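First up is the structure itself, then whatever we jot down about it.
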Amino acid sequence: MIRDERWFGVYSFEDTPFLMETLTDLRNINTDNISFRKGLVRLGRYMGYELTKTMEFEKINITTPLEKTEGIISKDRKNVVIITILRAAFPLMEGLIKTLESAKVGIISASRGHAPKFNIEMNYVKVPRVTENDTIIIADPMIATGSTLINVLTELKKSEKSKRIVILGVLAAPEGIDSIKKAFPDVEIFVTKIDRELNKDGYIVPGLGDAGDRAFGEPFKVSLLPQMHNLE
């Protein structure tokens with residue numbers, strides 16, 4: 001894990017060959033949906049493990065079948081709330097849950113519009129109650145412009161007081177990190193790699209494409225609400 005000296009509280013895993021190999025698979029245009037999802041799960045699980053190294057631990061006394069000894073327990077692992085940004089972050093959350101089994105989970109549906117305005121629409125928020133002892137982990141594979149996460153953080157800060165807020169992603173653009181850190185300097189960011197830049201359409205380059213489409217398939221637009229009302 002490397003601390004990026006351009007910002008305070010920003011870390012990448014560019015020094016970890018296993019994660020870099022997984023990222024290489026995700027970048028590859030020939031990687032299919034199933035393999036892409038599995039790759040996101042692997043990244044979430046390993047990055048969750050690395051994140052536990054930054055949590056507080058305390059020593060305890062225990063008794064083995066042979067004698068008394070000392071051990072350690074995490075003071076934070078049972079006080080974690082993972083917030084998933086629909087839909088691309090689901091596999092990332094699945095990996096995190098494998099490491100942070102006691103975590104509570106919240107879901108936020110947020111989408112970013114097209115260039116040049118990149119308007120953000122949030123139409124579903126379901127987040128469990130957060131305490132001052134909790135660490136909030138926001139899972140979002142791609143930190144591009146940062147606008148989606150800034151909106152999410154703004155909503156969370158209105159009503160929730162936590163011990164710590166962490167953004168965990170796969171790729172980030174420097175522009176997105178700049179925006180987030182200017183708005184919320186205390187938020188920590190952990191990503192597999194920080195890429196070069198955003199292109200004119202707001203995509204990270206070299207990037208890996210649309211993480212949601214590559215994990216679950218390209219969607220088509222359909223309106224189900226009128227039909228659902230008719231079922232009653």
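Yeah, the Cβs are placed from backbone N, Cα and C, and that goes for glycine too.
The feature GTP binding site is assigned by Swiss-Prot to K38, G39, L40, V41, R42. Annotation for G39 (GTP binding site): same-chain Cβ neighbours under 8 Å, separated by at least 6 residues, are T22, L23, D25, L26, T31.
Within 10 Å of the C-beta atom of D210 (uracil binding site) sit 14 other C-beta atoms, taking all shown protein chains into account. The 5-phospho-alpha-D-ribose 1-diphosphate binding site annotation in Swiss-Prot covers R87, R112, D140, P141, M142, I143, A144, T145, G146, S147, T148, D210 and rests on sequence analysis.
Swiss-Prot lists I204, G209, D210, A211 with the feature uracil binding site, giving sequence analysis as the kind of evidence. DSSP assigns A211 (uracil binding site) to a helix in the three-state reduction. If you take the C-beta of A211 (uracil binding site) and look for same-chain residues 6 or more apart in sequence within under 8 angstroms, you find L40, A88, P141, M142, V170.
A Cβ within 8 Å of the Cβ centre of I204, G209, D210, A211, the residues given for uracil, is found for these other residues of the same chain: A88, P141, M142, L171, Y203, G207, L208, G212, D213, R214. Considering only the binding-site residues K38, I204, G209, D210, R87 (5-phospho-alpha-D-ribose 1-diphosphate binding site) has D210 as its nearest partner by CA-CA distance. When the C-alpha distances from I204 (uracil binding site) to the binding-site residues K38, V41, D140, G146 are tabulated, the minimum falls on G146. For the recorded site, V41 (GTP binding site), the DSSP three-state label reads helix.
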